[in-house]
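Database features, via TrEMBL:
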- A:38-270: domain 'Aminoglycoside phosphotransferase' (DOMAIN)
- A:Asn47, A:Lys64, A:Asp253, A:Pro254, A:Glu255: ATP binding site (BINDING)
- A:Asp236, A:Arg352: substrate binding site (BINDING)
2 protein chains.
Amino acid sequence: MSTPSIQPPSTYEPLNENTVVQFVKKLNYFTEDAALQVREIGDGNLNLVFHIVDESHAKSIIVKQALPYAKVVGESWPLTLERARFESSYLQKAAEYVPNLVPKVHYYDESLGLFVMDDLSSHLILRKGTIEGIQYPHLARDIGTFVAKVTFYTSDFYLHPFEKKQLVKQFINPELCKITEDLVFTDPFFDHETNDFPTEIREAVEQLWNDSELRHEVAKLKFQFLTQAEALLHGDLHTGSIFVTPESTKVIDPEFSFFGPIGFDLGQFFANIILSYLSQEAHILSSKERKQYQSYLVDTLKQTWSSFKQEFSKLWENEGNEVYTQVPGTLESFLGKVWVDAVGFAGCEVIRRTIGLAHVADLDTIQDLTQQYQLKEKALELGTYFIKNRTQITNMEQLIQVFYQE
Amino acid sequence: MSTPSIQPPSTYEPLNENTVVQFVKKLNYFTEDAALQVREIGDGNLNLVFHIVDESHAKSIIVKQALPYAKVVGESWPLTLERARFESSYLQKAAEYVPNLVPKVHYYDESLGLFVMDDLSSHLILRKGTIEGIQYPHLARDIGTFVAKVTFYTSDFYLHPFEKKQLVKQFINPELCKITEDLVFTDPFFDHETNDFPTEIREAVEQLWNDSELRHEVAKLKFQFLTQAEALLHGDLHTGSIFVTPESTKVIDPEFSFFGPIGFDLGQFFANIILSYLSQEAHILSSKERKQYQSYLVDTLKQTWSSFKQEFSKLWENEGNEVYTQVPGTLESFLGKVWVDAVGFAGCEVIRRTIGLAHVADLDTIQDLTQQYQLKEKALELGTYFIKNRTQITNMEQLIQVFYQE
């Protein structure tokens, strides 16, 4: 069987704080005499991330280098360096349409598996912000616009079919997609060793494993993920892949990018906002403040979907090149498909973030374990409901009614 | 915009009856002293086809060479030579699973855009056979098996996802897919210059163009064709792409091969059998014989689908590697999707073969023009019905009831 070659190129070496400084000096981004400060700030799963600062000139930059293995499970899970290409290519492609919503890529080096990009350390990871109860008034509009523009402009509705197929080929991403295929769509729905949940919720988990209707519906969603090359997706658009300030939104970490069903990016974002909503019960103790913040999160869901819909529709009407974009009803039925897919994918994400390999801090940092387990069971229920009822949940109001308590 | 390079490689030259003999002599397929007879037998749309015979040793072979343009519309429609790669690669891939149902490929030369394969001149093109009212007792089982095996073994149900994605990439076929996107899914549903139909049926054609529900449904089918990379398809499986004898079936001409929705191959085959059924009214004058032959064609439809279903199910159960193939209900719901798609694609094919650029001899050779036009109108009605009602037509019996008169 042909698998991607896992040997790094012969010139590859993981950089350290000394060699990375030598490397960036050659790029002429900093002046020659600059006194550079450097720190490795990666969370260390898959990449080295160097933050390089020239304090005297108030300039800084990020160097992100792919490691040839996934640290999360030790060196035994080898990965190619190709993901640096996927990540930098996606950021460059997205910058054509939403330059304000992604960090600018300055340089890409294939043999070292690294790229150089804007420093966003003035921003906070959105997940940390939502755990702290911070509101981001532009977030929903930005993410809705982001998904609408990147997906529309890389879809058959806009691109010439030759150009679309060329891009599909360029973004065929077997390795990273395999991680999603396994960790989002498969392992959590079977008694698999990668799963991770407390014994206390095992009964609820087993109930999920024994739900044959659920598995059958997840099979359909997995098959859509595997086969439906609708548009260029970020592929991992959770709240840990978004950098924010109250004024600015930057989407990062698109190493999972590939051509897939548009609802997938939206569904992952929705799911992580919903996980934040659920966990607020533990994070914000004042009932009044909690209600306020949860109401902000619900508004974020509503506005993300409505911004997406509005922007996508505007692009479809004004810039659709595919002749069928002019046929009445086609936009509405396509948006209908995206919505149903998004609800289903959101369900999968809620479940895998609760019992799969990669959890969310929103739930896992809850100190009161009884409460944590109750909320995790609630998440499993919600995810299951979304997946099984996705064709009946016809709009965002209905989706929100499933968990919203006024 | 990036389009495929249309310049043939510098070493390319179209062969003639002299140079092709020099070429095959180098391949050592014939003995050195063989007296070779050669004839160019292509129908001349896209390729040169040389039939080379060594009578004294009773050996013969076919050399098929791609032309760098489509003759059907003159040299003004340039095409790359890549389709020789698609065609020979598909035949070689299919030979892994159904070696008895494709001609064996002996040699492929990229720079000349040619390949060498078994001579099938003992066989007749199926379309000629059905116009002449010849029955082929193994045809249905062979085509059902062919589609089941080639699609199952190239799908995510069987292949490791790395291998599947590698194959998808290898079979991204922008040029030939574009022809289908235009001629099957677009032009016939709009007042486009490529369309070709007699003025006498213009009213029926305009009715079709004004049917907004129809266009809306065709848009969905076109989008499925553009995006759903389920399995390796032949891409042009009409009765002109099948060579037959009463004992043998050989699928040829897979230059349109690509990864698409499995129902597309089945739908095109169904459509062409149905067009044969309709046209028999003009070809077989004896009512009794006509009924018999039409009943054979209806059996062919039934058996093709049942053979496909049976073979695909057997493979799914015995050789499915994707874990969800073991989940009850997933096979049935996938086959349900393939069926609905096949009915819709069949509708598109029936319509485009009636009023689009590429017709079928079944209808066009009908001498009684009044009858020809009536049958063409009937074909438009049928195609429209299939497309609009594909989710309601839940099985082959129901599909047949739409046109079958006992």
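The backbone N, Cα and C atoms fix where each Cβ goes, glycine too.
Note that TrEMBL annotation is computational and uncurated.
Structural mapping of features recorded in TrEMBL.
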residue: A:Asn47; record: ATP binding site; Cβ within 10 Å: 22
residue: A:Lys64; record: ATP binding site; Cβ within 10 Å: 23
residue: A:Asp236; record: substrate binding site; Cβ within 10 Å: 21
residue: A:Asp253; record: ATP binding site; Cβ within 10 Å: 21
residue: A:Pro254; record: ATP binding site; Cβ within 10 Å: 27
residue: A:Glu255; record: ATP binding site; Cβ within 10 Å: 26
residue: A:Arg352; record: substrate binding site; Cβ within 10 Å: 25
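Summed and averaged per residue, pLDDT over the domain 'Aminoglycoside phosphotransferase' (A:38-270) gives 94. Sitting within 8 Å of the Cβ centre of A:Asn47, A:Lys64, A:Asp253, A:Pro254, A:Glu255, and not among those site residues for ATP, are the Cβ atoms of A:Leu46, A:Ala66, A:Arg83, A:Ala84, A:Glu87, A:Ile252. A:Glu255 (ATP binding site) sits 8 Å from A:Asp236 (substrate binding site), counting Cα to Cα. Among the residues the record lists as binding ATP, namely A:Asn47, A:Lys64, A:Asp253, A:Pro254, A:Glu255, the two farthest apart have Cα atoms separated by 13 Å. Under the three-state DSSP scheme, A:Asp253 (ATP binding site) falls in the coil class.
Counting in whole angstrom, A:Pro254 (ATP binding site) lies 19 from A:Arg352 (substrate binding site) by their C-alpha atoms.
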